[in-house]
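Enquirer: The structure is given below, and queries will be raised subsequently.
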Amino acid sequence: MASYYDIGDILAEEELVPTVFQYGANGVGLLDSSDDADKVEAGSRAELPFWLVRELYLRQLVSIRVPPCFDRESKTREEIAADAAHVDLRSRSPYFYELGCKIALLIRDRTIGPFLLVAFQTRYRDVLVKAHALTLTMTPKYLTLLTNEEIKLYEAGQSSIAAFKKWRMGGPRFQVAPVLGRKRKLT
Amino acid sequence: MDSGAGESSAADDYESLMSTTDAELLKSAWRNEKAAPEILNYAADLVQRSRQQIQLMEEMVEDYINDGVDPLTVSLYQIDLDRTMFLLRSYLRTRLQKIEKYVFHIQKTAEEWNRLSKQEQKFASRFAGDIKHHLDQSVLSRLPDQYQSHLRQSAASEEDDMVPEPQLDSYVVCRSKKYLGAYQLDDGGQELINIEADDLYALPYKSIKPLVESGQVDLV
Amino acid sequence: MAGTSDPHASAFSAAELEFLAEDEMIEIVPNLRMDALNFISGDFGPFRPQIPTQAPLWLAVALKKRGKCTIRAPEWMSVDKLTQVLEAERDSDKFQPLPFHYVEISRLLFDHAQGDIPDTYMVRSLIEDIKDVRFHKIGKGLESISGGGTFALKLKNLSAMEANIVRPFVTRALETFYKLSSSDMIQETDNAPNRQQTANRGPRVSYMFMLYIVKSPTDAQRQLKDR
């Protein structure tokens, strides 16, 4: 399991997912704060972190309501279709793609994947253009629209351009050794 | 594999191998090691030969100095020596970094373990031992029995689920010295790519792993 | 940030690429007499005053620094050649063939042998322009990567430095595409009888910078032969 120490993956699983309890359960009142009884009724709704939802779902204790941003008839889908680059995905979920993937794989929903793909495809072009443009003044605002994966992509593009520019301006370079008098001890 | 390299004959390969100097080989071993996500086969013979050459050259430079050979010539030999040593050191160091990163994975995978040199194996064993000792001392020994493994999340885990391993499907950039023809990218056999000489390709590492191992393509 | 353990970090630093470029051969005209040098990296020389000979760049630069030779700018570094390249680079979406290490070589020569390059100023600005046009095209090319199939990317005639610069972005983006379009994520239209169909769809290869998406291996081979 390669992702065990992956902090991004851990945080992605903290994202809340709306669920519906299939059975009543005692002693888990903290999951449903609507009343003081220390239990949840069958059919009650709760938003739980993904890591917990997965375990409950696999035991058929809860059903998952696909979060609105991935839903087939959601506003997010319409917005993406209209102008993907400027949709604030971060506010939907900073782990939009990761969470989408996890939910899609868990509940075997085949409509989420193509949607994520289209979203990424249209948005990453913009990320690229902005990363390479390097006009630092405009970036902070733009970055607030991006999900974590997109920000990493942006940083990857930007830092390699920056490293190249530094080298061109005469940054640290491999020195051809100024020789004589510099001897290595024979081993 | 069988879909690739139809035209190249064994004689060709032999010829290109013979015309490649150790300096070139060391450079490509270094490049591949730096770019590949996993640890590659230790280039035992090459390292051995390079070490010998370095030593010979050091002795020679020493002699030149003693014999009062023109300082310019000596300095040029020294640069050549420094360049070769840089490659060798960086090669070995890159490997050590990978060993540190994936030590538990390498340790339990016989195939990868065998890619290490004797010294590297010794290093890996000691390194793994030290890490385990440290984890035991500082944390694990104070946890309940079923959580004391440094490899598994709990006694209920069915496999070593806390061991980081290299991501073989990460993408690499590669270049072939010669035309390899249609090469099969995935297991299903439906993805083919024409690998032409001297062009660059960005591909998942695992799809060209055999070509890297056989020396047909270089990672760049 | 994951720092050095980040698998997406550049595999090579610019300085390391420069190191590799220093092994490229270049013509020098020595002004000293020196016997052949038998290096680990190869045999060079002998060197005779005013007799042009070939040497690796690092050696050329080392001699130049000590005033022992002049360096002859490579053929591609002439105003004529570069003007042609720049025009072709502007007219076409393809990348013009240039030495694999052209960025590093030109910087090394400008740094250490400026006086040996005819029309230095022109040459320098032409190379800058070519580089800018190419970078712009790289951006355009990357924008056109289509997901849902891009499995491999062909970077025809891209130089070492250019490839290294786009590497972190490209590999990361391709990995996300790869993940999002895995068969678990995307619906298969039909499971059993789609072999034929998939075969016709051809390889999922984006022939970036070549202006065409190859339809099938046979097409690709045909195009190869035509060239």
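Just so you know, glycine gets a Cβ as well, placed from its N, Cα and C.
TrEMBL lists A:5-57 with the feature domain 'DNA replication complex GINS protein PSF3 N-terminal'. TrEMBL lists A:75-168 with the feature domain 'GINS subunit'.
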Enquirer: Take the domain 'GINS subunit' (A:75-168) and count its residues per DSSP category (helix H/G/I, strand E/B, coil), listing them in that order.
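Expert: Per DSSP, the residues of the domain 'GINS subunit' (A:75-168) fall into 76 helix, 0 strand, 18 coil.
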Enquirer: Within the domain 'DNA replication complex GINS protein PSF3 N-terminal' (A:5-57), how many residues are helix, strand or coil going by DSSP?
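Expert: Residue counts in helix, strand and coil order: 18 helix, 15 strand, 20 coil.
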Enquirer: Per-residue pLDDT averaged over the domain 'GINS subunit' (A:75-168) comes to what?
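Expert: Mean pLDDT, the domain 'GINS subunit' (A:75-168): 85.
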